Structures are given as structure tokens and as C-alpha cells.
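K.L.:
Sending over a structure as C-alpha cells; questions will come in a sec.
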Protein chains: 2
Amino acid sequence: MRRVLVVDDEPQMLRALGINLRARHYAVATAPDGATALRLAGHCPPDAIVLDLGLPDLDGVEVIAGLRVWCSAPIIVLSGRTGPAVTVEALDAGADDYLTKPFSMDELLARLRAVLRRPVPAAQPRETVEVAAFTVDLGSYTAVPTSGEGEPLHFTPTEWRLLAPLLRNPGRLVTGAQLLRDVWGPGRENRTNYLRIYMSALRRKLEPDPSRPRHLITEPGMGYRFDP
Amino acid sequence: MRRVLVVDDEPQMLRALGINLRARHYAVATAPDGATALRLAGHCPPDAIVLDLGLPDLDGVEVIAGLRVWCSAPIIVLSGRTGPAVTVEALDAGADDYLTKPFSMDELLARLRAVLRRPVPAAQPRETVEVAAFTVDLGSYTAVPTSGEGEPLHFTPTEWRLLAPLLRNPGRLVTGAQLLRDVWGPGRENRTNYLRIYMSALRRKLEPDPSRPRHLITEPGMGYRFDP
DNA sequence: GTGCTCCTTGACGGTGCCTTGACGCGGTTG
DNA sequence: CAACCGCGTCAAGGCACCGTCAAGGAGCAC
């Protein structure tokens, strides 16, 4: 089942899209604003994204750019604002399609089929992030020195699970409880010692000076942040 | 330079599109009708196609279907006919985008950039992989010593099925569950002992030192990886 | 029927990963 | 100044996972 992330600030539009998409057997996640969208996409990578431009917190182009940092899933933009300038801006920011409200639900579904039709199996969705001297690919689970020379890094499953939500939300703070839920599942939100152990291991492998981390940054009392 | 095939029955539209596209450094081929379009696309495979639906000889959907038989280049449809039904029909026939006339040239160019941004479907007819001292060909199911001298290797059907997804994704981690699905079909994701047995057999045949594998690498808790 | 190859299944030992507890350090608070 | 809290580090134990061997059974050629 393909996962679709729907981002819109109007609850009724969110409901309408969710119902229609679920009826077509998509797995739907919804977000009411840009920050939630970026966070959700980081924790559960979707196969496609339907994005309304008129969000309360972030500009639409910022959301697209934030997603495109690591996410290559097709983005279909919905917008009430018309005119070629906005369309061009959104498309050049990384969107794959642009629909003007009011739109036909049938047309949206057809355009969604069109972007999802693109070859998935052979295409290797790369999710490469540069961190310190290494190029980390969350898609193929590889971490090699960016220079090309040297030994690749090896991470354990838990280390990969912890690394993923951080690297997929560059510059953003990720709550300790959120990380614990992502890695160890719900019910372990208070086992912060797990986080300390594995963050230590990640820093020892990735950071040039593990005692003074520059990329995997602790926000005391809040959580952690990946600074690219 | 990317090749674009423009199909439209109005000569002035053809000229306008040709001028604008050439100004953006595209190589442009033009066709006034569907038959010419199909012929041209066959002679010189384009990277993208801009297709007007109102052609004198063939219906637009027929042209799309005719192209899609062998051509996977993105198709942007232009149409004077409006309404969601036509759009849906064209998209489901295989088009990638749909613009209603009159359209903004800037928007068309942006949409063209968007569809051309997609990674080239990397047709890789080359199915031979060098692993250790052997040259393995997944197309003909042969594995001979790279030196030319010596006995060819023999793999059982199950061993070939297990080898294929690993060798087709060099450097990439392949999940144990994915391998089990590929080889034994869905529903056997927990029979990890199968994997252990056959990975052991593959290593015994391919690796110089089966006890210390260098190409068929285990990632504990995650899966296996072919390291070339 | 006989012999062969191949797939399946069970059992056993070892390695590496996860968990758990404890301790030290720095910053904040009373 | 002392107590406390949050964070980073280390070491040790348990256990899931992995590699290997061996035996049983199905399918096929002769």
C-alpha cells in the first residue's frame, strides 16, 4: 500500500482528501501545517505528498525545499493562489505538479496515479546526507567517507533507526520522547539512558571530535538536533 | 542537450514553442500530426514530449498509447478541451502532465523542467557482475572465472534467485525479509534459516575465504549486502 | 527401482548487539 | 557550599541472531 502525506490547513479539506484517498486504498497521513509535515515525513517517509501552499506557519516553497533536502517523493501542490509566477516558483523549488483550487478530485487522483506510476522498483531512491566527513545514505544504509578514500562506517540497526529521524529533519529539534518512540516504540519514552548510549556511539563514529559535537547537538532538556 | 519533441497541428504554435525551447537550449523536433510524431519519436528518442491533443489524424489518447508502447519519456499534454474527464483520460493513458490552453509559456517551461528533473530510468542491460575471481552473468545464468582459466561455477535455482537481488544492488543493504520475499515468496519472511543455509552455500562457492566473507557481507539484525 | 541433485528442517555453538547498572562531570538551584 | 538533575561514558551480562553440520524427503533421469 502506498503512503501519501496530505498537508492542508483546512480541516475539512484534510478530511475530504483523507476519505477519498483511503477509499482508493492509500495509506494516508495528514498534517495541518508545514512543521508537522516535515516532522511526519521524516518519521514515516511517504511515497507521495499532496501539499497545500497556504499554510499558517511556513511558506509553501520553504516546505518544498525542506522536504527536498532528503526526500525524493513526488510532491503535488494545491493552491488557491493562481497565476503562472507562483506555479513556476513551486515547480522550480522541487514540486512535481501544481493544481489550482477549486480542483476536481478525479483529476487529483489521476495526477497522483501519474506521479506514482514512475518507476519505483528499479529506481533507487537515494537519501544521502552529508554529515561531517561522511556521506550517509539512509536508503541503502551506507556511510562512506565523502572523500572516497577510507573505510566505510558501520552502524548497528538501533544506530540506523536513531540516525534516520535526525538526518531527515536537518536543523530541526527532535524531542527525546519522539526519538525513543521512533526507535524503541511507544512505552519507552522515559528510557532516556538509551538515547545517551547510542548518541554517544553515533558521535564517536561520525564526529571529528566526539567530545565537542558539531553536528549531533544536544539541546538540554529538549532533545537532539542534527546540524548539517 | 535534452531533446524535446513538440506535436501540434497549428504551425504558429509549433513555431512559438520551438523558438522558446531552443532559446532555453533544448534540441527541438516538431511534428504536425500523430503519425509524424510516432515516426519521429521512433527515429530519435526524445527526452520529453509536448503533445497537443487536437490532432487531425489520430485521437490524443491513441498517440499517447502508441508512444507508451516502447517510449518512457515524459509526456506533457496541451489541450484546448477543458474539463476533468479529458484530463483524467489523458493522464491514465500515460501522460505525465496536462495543461489547458491558453497556457503561460513560463509555466510550460517550469513543468518541462519538473518532468526532466526526474532521474533517467537508467536502463542497464548489462547483467554481468564481477565478484571475487568470477564473472557472474544474471542474464544467461553463468558464472565463469574472470581469468578465463578454470571450471565455471554451478548454482542451483534457489541460489540464483538469492544472488540476483544482491548483485543487482551493489553496495546496498538488502533486508532479510526482502530476500525471503524475492526467493521464497510472501509469507516466509520469518524463515531466516533458509537465508543462512544458502548464503553459506554462496560464500563457499564465491568467496576466496568463506569464513571471512569480503563480498557477501552480513549486517547483523538488518540483512545482507553485496560489496563489489 | 536406483541413484542423484536439490530443498527443507532441526539442532548446536559462537559472535555481536542490546540492555542494565554504575560512576563522573558540569550547570542550576536552594 | 551542598544537593540535585541532566548528560556522557564505561563495563558486564544475557540473549537474539548468525554460521555450520547433518539428516530426511521430494522430484527427476536412467
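Note that Cβ sites are derived from N, Cα and C of the backbone, with glycine treated the same way.
The domain 'Response regulatory' annotation in TrEMBL covers B:3-116. As annotated by TrEMBL, 4-aspartylphosphate applies to B:D52. Residues or ranges marked as domain 'OmpR/PhoB-type' by TrEMBL: B:126-228. The DNA-binding region annotation in TrEMBL covers B:126-228.
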K.L.:
Would you mind splitting the domain 'Response regulatory' (B:3-116) into helix, strand and coil residue counts from DSSP?
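P.N.:
Breakdown, helix to coil: 54 helix, 24 strand, 36 coil.
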K.L.:
Sort the residues of the domain 'OmpR/PhoB-type' (B:126-228) into helix, strand and coil with DSSP and give the three counts.
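P.N.:
The counts are 35 helix, 23 strand, 45 coil.
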K.L.:
Looking only at Cβ atoms, how many others are within 10 Å of the one on B:D52 (4-aspartylphosphate)?
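P.N.:
Result for B:D52 (4-aspartylphosphate): 25 neighbouring Cβ atoms inside 10 Å.
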K.L.:
What average pLDDT does the predicted model assign to the DNA-binding region (B:126-228)?
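P.N.:
Overall, the DNA-binding region (B:126-228) comes to a mean pLDDT of 92.
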